[in-house]
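J.: Take this structure first; my questions come after.
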Amino acid sequence: MSKKIGILTSGGDAPGMNSAISFLAKSALSLGFEPYLIFDGYSGIIARKILPAKNFPYNGISSFGGTAIGSSRFPEFKKEEVQNKAVEILSEIGISSLVVVGGDGTYNGGYKLHLKGIKVIALPGTIDNDIQFTDYTIGFDTALNTIVETIDKLRDTANSHRRCFVVEVMGRHCQDLALYSAIATGSEILITNTNILTPEEVSQRVLEQFAKGKPSVIVTITENILPNLKEFAAKIEELTKISTRSLEVGHTQRGGRPSAFDRILAAKMAMKAMELINQDKSGLAISYLDGKIQTFDIAKVVSKPVRKTNDLVLEINKINQN
C-alpha cells in the first residue's frame with residue numbers, strides 16, 4: 001500500500017473544512033502516511049495543483065472559515081476520459097488513496113475514482129445538510145448560527161416598526177437550514193419544498209399573527225422556491241397593508257469562523273477517515289448518526305441525494321407556528 005494520501009475539498013465551501021484538512025494531515029502523519037493537498041477540488045488533480053502537506057501551514061487553519069486549499073465545481077469530471085486522466089496523474093505521483101470533503105457532487109466524483117482503483121473515503125462538507133445517512137454535515141451548524149444571528153437582528157428592527165420580514169436561506173433542495181433556523185428564531189411562517197404557500201395564504205397567516213398582538217412576523221423560506229423574493233414580499237404588503245421587507249441571507253452563510261461543533265465534528269470524521277485508510281478500506285462515506293461516527297458505502301449514500309428531515313423536528317416546527 002502506497003503511503004501517499006491525497007486530500008481535497010470540492011463543491012461549495014463550508015465552515016469546518018479547514019479543520020477537516022488539518023486533522024486529516026495530522027492524522028495521516030501520525031499513522032506514517034505522507035499527506036498531499038490537492039488545490040481547487042477535482043480540477044486541481046487535472047491541473048496538477050498538488051503539494052506535500054509538509055510544505056503548507058495546515059496546523060494553523062482550523063479556526064478559519066472557507067477552505068484553505070480552495071474548491072471548485074468541475075462538471076467536466078463527469079466525463080470518463082477526465083476521470084481516467086485523474087487516475088493517471090495520481091498514479092504518477094504515487095497517490096493511491098484520496099479523502100474528499102464536500103457534498104453529493106464530491107461524493108459522486110470520489111465514487112467514480114473508487115471504481116477505477118483509487119481508494120476513496122468521503123467526508124460530508126456542506127452547509128446544506130443534504131447528505132443521506134448523517135444527522136449533520138460539516139458546516140451546517142455554523143451556517144445555521146449565522147442565519148439565526150441574522151434573523152434575531154431582523155426581529156429587533158421588525159418589532160420596532162411592526163413589520164413583516166421575508167427571509168430566504170440556502171439549502172438547495174434540502175429544507176434543514178430553513179427549518180432549524182425557523183425553530184431557533186421562532187419564525188411564525190415557514191415555506192419549504194414540502195410546505196409551499198401562496199402569497200394569499202401567507203398574507204392570511206400574517207394578518208392572523210398581528211391580530212394575536214404580535215409586533216412582528218418572520219417568514220423563513222428555503223431557496224429555489226420563489227421566482228422573485230422582492231415581488232413576493234411586495235405582494236404580501238399589498239394584500240395585508242403591513243410593511244413587509246425581504247432579505248436574502250446569501251453567501252454569508254458559507255463564511256465565518258466555524259463553530260466549535262463543526263470543528264470537533266470535522267476532527268472526529270477526519271480521524272475516522274484515516275483509520276479506514278490505514279485498514280486499506282475504500283468506497284466509504286463518514287457520517288454522524290445517532291450520536292456516533294459511522295460509515296456507509298458511498299454508493300448507498302449517493303443513491304439517495306436528498307435527506308429526509310427528522311420527524312421530531314417537523315413536529316417541533318408545527319408548535320412554533322402557533
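Positions of Cβ are set from backbone N, Cα and C atoms, glycine also.
As listed in Swiss-Prot for this protein:
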type	residues	note
ACT_SITE	Asp128	active site, proton acceptor
BINDING	Gly12, Arg73, Phe74, Gly103, Asp104, Gly105, Thr106	ATP binding site
BINDING	Asp104	Mg(2+) binding site
BINDING	Thr126, Ile127, Asp128, Arg163, Met170, Gly171, Arg172, Glu223, Arg245, His251, Thr252, Gln253, Arg254	substrate binding site
BINDING	Arg155, Gly186, Ser187, Glu188, Lys212, Lys214, Pro215, Ser216	ADP binding site
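Please go over these features one by one and say how buried each is and what sits next to it.
T.: Using a 10 Å radius centred on the Cβ of Asp128 (active site, proton acceptor) and all shown protein chains, the other Cβ atoms total 28.
With a 10 A radius on its CB, Thr106 (ATP binding site) counts 29 other CB atoms from all the protein chains.
Look at Asp104 (ATP binding site): DSSP puts it in a helix.
Taken residue by residue with DSSP, Met170 (substrate binding site) is part of neither helix nor strand, so it is coil. Long-range Cβ contacts of Met170 (substrate binding site) within its own chain (separation 6+, distance under 8 Å): Ile127, Asp128, Ala143, Leu177, Glu223, Val249, Gly250, Gln253, Arg254.
Sequence-distant contacts (6 or more apart, same chain, Cβ under 8 Å) of Lys212 (ADP binding site) do not exist in this structure. Classification of Lys212 (ADP binding site) by DSSP places it in coil, neither helical nor stranded.
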J.: Compare the Cα of Gly186 (ADP binding site) against each of the binding-site residues Arg73, Asp104, Gly105, Thr106 and report the nearest.
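T.: Considering only the listed binding-site residues, the nearest one is Asp104.
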J.: Taking Cα atoms as reference points, rank the binding-site residues Arg73, Ser187, Pro215 by distance from Arg172 (substrate binding site) and give the first.
T.: Arg73
J.: Mind computing the max CA-CA distance among Thr126, Ile127, Asp128, Arg163, Met170, Gly171, Arg172, Glu223, Arg245, His251, Thr252, Gln253, Arg254, which the record assigns to substrate binding, rounded to whole Å?
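T.: Those residues reach a largest Cα separation of 33 Å.
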J.: Starting from the Cβ centroid of Gly12, Arg73, Phe74, Gly103, Asp104, Gly105, Thr106, the recorded ATP site, name every other residue in that chain with its Cβ within 8 Å, sequence order please.
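T.: Nearby residues not in the site list: Ser10, Gly11, Gly41, Gly102, Gly109, Thr126.
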